[in-house]
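> The structure follows.
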Amino acid sequence: MGQDDGSDVASINSSRSLPSTLSSLPTSEDQESFHSWLQEEHARRYSAINDNDSLGRRSYGSRSTRQSGKTGQSLVGVEDFSRLRTNYSREGKMLLRYSLPLIVTFVLEHFFSIVCLLVVGHLGKNELAAVSLGSMTSTISLAIFEGIATALDTLCPQAYGAGNLDMVSTHVQRCMMFSMLIFIPVALFWWNSHYLLRYVIQEQQVLELTSLFLRIFILGGPPYIFFECFKRFLQAQGIFEAGTGVLFVSAPINIALSWFLVWNKTYGIGYAGAPIATVINFWVMDILLVLYTVFIDGKQCWNGFCSFSDLFRKWGQLSHLAVPGIVMLESEYVAYEIMTLFASYFGTVELAAQSAVGSIASLTYMVPFAVSIAASTRIANFIGGQNIFSAQKATNMSLVLGLCVATLNGLVLWSAKGFIARLFTKDDDVVALIESLLNPLVSVLQIFDGAASVASGVLRAQGQQKIGGVINFLSYYAFGLPLALVLSEILDLKLFGLWIGIGSGMVLISLSETIFILSSDWDAIMMKAGLMNDSDSDVSV
């Protein structure tokens, strides 16, 4: 790098200090003045340095403002997201490196509910029905907190990329407190679920067992929230293998403990042992994740526990990202459950086939979803470092890689349709219907579902969850589900109508989000990131 180029970068880095500026802006008039100043500063920099080489290293003072001595030391030996001029090859390798452990993590997490079904299923049909309904209800409820945690997919990687390492732990603790307050009404619903579920469940024993499952699961809510938030604390630092290692240890513990508490002749307690084992396993996962952070990697971003008052600051910013994040996740979760409900009216064969195909689609979805998380973290790191050039490179590579893995998913389902169908059942009618759905309808839809997943990750990195939430909700509930109802009921296409309708929603989501991303105003995104990372005010952008 030439001397002039280096001096330009140095000039940029020393031109302002956002935190010191904002600390003197307590009034609304001053806040408006700050916005005007930031836009002028932004225009000045981009007019002063407009060649591509400098574009890759622009920084809004990202390393200079909120750094302690610990922060400065922790940056040694890691990527400088404000200056790194990346390329497609590098980003492809980084995304694969991040994604592979995540795929294993998600598959192992998915395995916990299967263990419950397998262990309890041999107790009787009522017990199996109850644990299925309890798992479905808890999954939909816990998705709320997974949606809230998506706010950290924006806040933590951007703070880390900006060099504000102390803020990474602060964001996580605020999100935990926010989630725990939201969990209170969820816990009350679980405790009193029998009052509502009695209108859905006719069998009294199934109702009582489902209510028991949810009451026990209340103790699993806090550790689940902690795991989802703290996992993102590590992912923001590029530490993706921690969750995989934790689950490799906890998964066998879960299997052994579930069998012991349900089936052991001396200490087994029957049905209740399954949810108790899952709750214990959630706490074990938390302990292992903390031990990993303390003794292996990740503690460099921990700045101690926040003060009580600090935990409740900037909740406007957090909720601005969390609420649409919930909508994005719940839209698809609930849409799939509605499909299963519709399928139950078509007959036993259709319900069995839908359950199998839905399980397959959920499992294969883990692959592009892993790419989505990796992409969200990587792009947000560059956005936090105010590095437009590298953020755009990472975005383009993410979209391409997402399309590739989604296409691979579709090819696998199409080519192995017969083998997959026979894994679930030996019934010829069900096997034939599964094969018909996979060839080619559901296989093709895998491409759009995977592409939509990665595009949603890019939107989270940009802090554009609101756009994703609106697109997902309207695509499924204003278009996809009504179309599915018409095709399946009125035109009598049954399962094919359901999948065509929901699949049309997936197509609309993937195309809409991709178009929005490709037309992104990166200058505005960088300014918003500067406000979120450097402002002491409760800015919602």
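Heads up, the Cβ atoms here are built off N, Cα and C, so glycines get one too.
As annotated by TrEMBL, region 'Disordered' applies to 1-36, 54-74. What TrEMBL records for 14-28 is compositional bias 'Low complexity'. Among the features that TrEMBL reports, compositional bias 'Polar residues' is placed at 61-74. The annotation transmembrane segment is assigned in TrEMBL to 95-120, 175-192, 212-230, 242-263, 269-295, 356-376, 397-416, 436-459, 471-490, 496-518.
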> Which listed stretch (95-120, 269-295, 356-376, 471-490) has the most C-beta pairs under 8 A with the transmembrane segment (242-263)?
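It is 269-295 that shares the most Cβ pairs under 8 Å with the transmembrane segment (242-263).
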> Counting only CB pairs under 8 A, let me know which of 95-120, 175-192, 356-376 has the most with the transmembrane segment (436-459).
356-376
> Which of 356-376, 471-490, 496-518 has the most Cβ pairs closer than 8 Å to the transmembrane segment (95-120)?
356-376
> Is the transmembrane segment (496-518) packed against any residues at least 6 beyond its ends, judged by a Cβ distance under 8 Å, and which are they?
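Apart from its flanks, the transmembrane segment (496-518) reaches 335-336, 339, 342-343, 354, 357, 395, 399, 436-437, 441-442, 444-445, 448-449, 451-452, 455-456, 458-459, 462, 464, 467-468, 471-472, 475-476, 479-489.
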> By a Cβ-Cβ criterion of under 8 Å, what residues six or more beyond either terminus of the transmembrane segment (471-490) are in contact with it?
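Long-range Cβ neighbours of the transmembrane segment (471-490): 327-328, 331-332, 335, 338-339, 342, 346, 456, 496-506, 508-509, 512-513, 516.
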